[in-house]
Amino acid sequence: MFLPTTREEMKKLGWRELDVILVTGDAYVDHPSFGVALIGHYLVSHGFKVGIIAQPDWRTEKDITRLGRPRLFFGVTAGNVDSMVANYTASKKKRKTDDYTPGGSGGKRPDRATIVYTNLIKRFFPEVPVVLGGLEASLRRFAHYDWWSEKVRKSILIDSKVDLLVYGMGEKAVLEIAQILSRTGDIEKCKSVRGVVWWSSQKPEGGIELPSYDEISENPEKYAEALKLQTWYTDPYKNILIYQKQDTRYVVQNPPQLPLSQEELDRLYLLPFEREVHPFYAKMGRVKAIETVKFSITAVRGCFGSCSFCALTQHQTTHVSYRSKDSILEEVRILTKKKDFKGTITDVGGPTANLYGSSCSIRETKGQCQKFCLYPSVCKIVRPNHDEFISLLESIRKIPGVRNVFVSSGIRHDFVLAEKDPDVFIRELVKYTPGQLKLAPEHAHPKVLSLMRKPPVELFLEFKRRFETLAKKIGKRKYVIGYFIVGHPGEGWRENNYLRDFILKHLGYFPQQIQIFTPTPGTVSTAMYYSGLDPFTGEKVHVERSLKVRNKMKENVLFKKKGREKR
């Protein structure tokens, strides 16, 4: 079932008005990999009428008014990615293309889309509550360093002039907001909901106070301190309120929602998604973003890898939840009935596929302890369950109509190597790899890897050796390729040349999977970039801020110039 995007579609459903209208910076793709589709179907499954306005023209009222006034609220998201990341390259050049836009052309979503869409709504529907959500809002919920303007900005809640922001995976919080507004019509009563951020003119009682906006704007050390506190105390099982003074107001973060249970996840992903681009947008052109996920399966949520540069850990938390085998197999059966299904499940995973079935007795009862689960090595309390993941893949492959099952969404090779006999899993993984297994060592120099919270590169080489040896034994030509980041805090020319030499010596190919680090809001790495400090150790960190030098670092690793750079 597609959710309505026009009045005509509302009439076909017999709906005179909508309870909630969701506004997004992406094209409307009715697939569970797209947040608006998830939230929309979740609300509909609980009896609410929901419509979607995707990529509205922000220069006119034509799009934003086409569904009328919602009974309860507008929900606003920039889309699956931060709008500034969507619109600009790592060199701050305007992108000409956008995979989330029909036809692939850039310019269909504004910079700082959450703020722009909210202002548009307030212009034409000033009395209707607006609730922010999605990655852009979630990662900008407190004062944050904005690389594109090179300054610390206030919470997007303040900049948008709204009352409520949902952070993290928002199904439960959005449903509670809808239920409260339906009963009372009072947005103030929604400020008790877990997983929301709100503002107050009064200082909250209790909780953790972060350094203020003024403090972190003037003192980078305070910025690093604020990020550390936010990271440690944003945990559903610690149940702690966090707040930050911004001018005369306080931005208040309620404790996160508890992760969805397995039963809740199962029901969510089996809602009646069309798994297609909505016809209203499909007629405007191809939406490239659906092509890699259309026949994929989300099996896992959350990741306890805690990579410094990763926004997903900050957004989905370190708490891993996963779906039951029965639910996943039912979704596969649904996919096999699609007319354009050609027998291949392109991915079974999530942020990190092989965390499926894993557990930790401490995290599940007391919350994240003040240690990293996988850094500097895999914690002994964390329990992997690779057997269950392989059993799941085998069961999928036996379903009539399925010829291939692949794992494409990331494997933590250090987690595999922590097993007593890693080859048991690796041997099976070979069968579920489409020619090349993509891993993310990210760098080679020990200092940079330590700041990234990534394992030693020797573990990548060990996994690569085992994988390719086992593939060869069964007569398969399958290889491991690596993804790398340059320009991350801690990298200078010495570390960059170290990475170049590592690739030349150990990989034997010219890599194309090189990206320049982009300081996105809310991550540990961005705190390092702004402050020049490691938030968790207080140690000084070298930061390369020159765009010209960062581009040269990429060229150096891509072997576009002969010889090593000398600096």
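Note that Cβ sites are derived from N, Cα and C of the backbone, with glycine treated the same way.
Here is what Swiss-Prot records for this protein:
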BINDING   CYS303, CYS307, CYS310  [4Fe-4S] cluster binding site
DOMAIN    288-560  domain 'Radical SAM core'
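The [4Fe-4S] cluster site is defined by CYS303, CYS307, CYS310, and by the 8 Å test on Cβ atoms against their centroid, the other residues of the chain that qualify are GLY305, SER306, PHE309, LEU312, THR313, PRO351, THR352. Long-range neighbours of CYS303 ([4Fe-4S] cluster binding site) (same chain, six or more residues apart, CB within less than 8 Å of its CB): CYS310, LEU312, THR313, GLN316, THR318, VAL320, GLY350, PRO351, THR352, LEU355. Proximity of CYS307 ([4Fe-4S] cluster binding site) to non-local residues of its own chain (separation of 6 or more, Cβ distance below 8 Å) is seen for THR313, GLU442, MET452, ARG453, LYS454, given in sequence order. Of all the Cβ atoms in the protein chains shown, 21 others lie within 10 Å of the Cβ of CYS310 ([4Fe-4S] cluster binding site). Taking the domain 'Radical SAM core' (288-560) as a whole, pLDDT averages 95 in the prediction.
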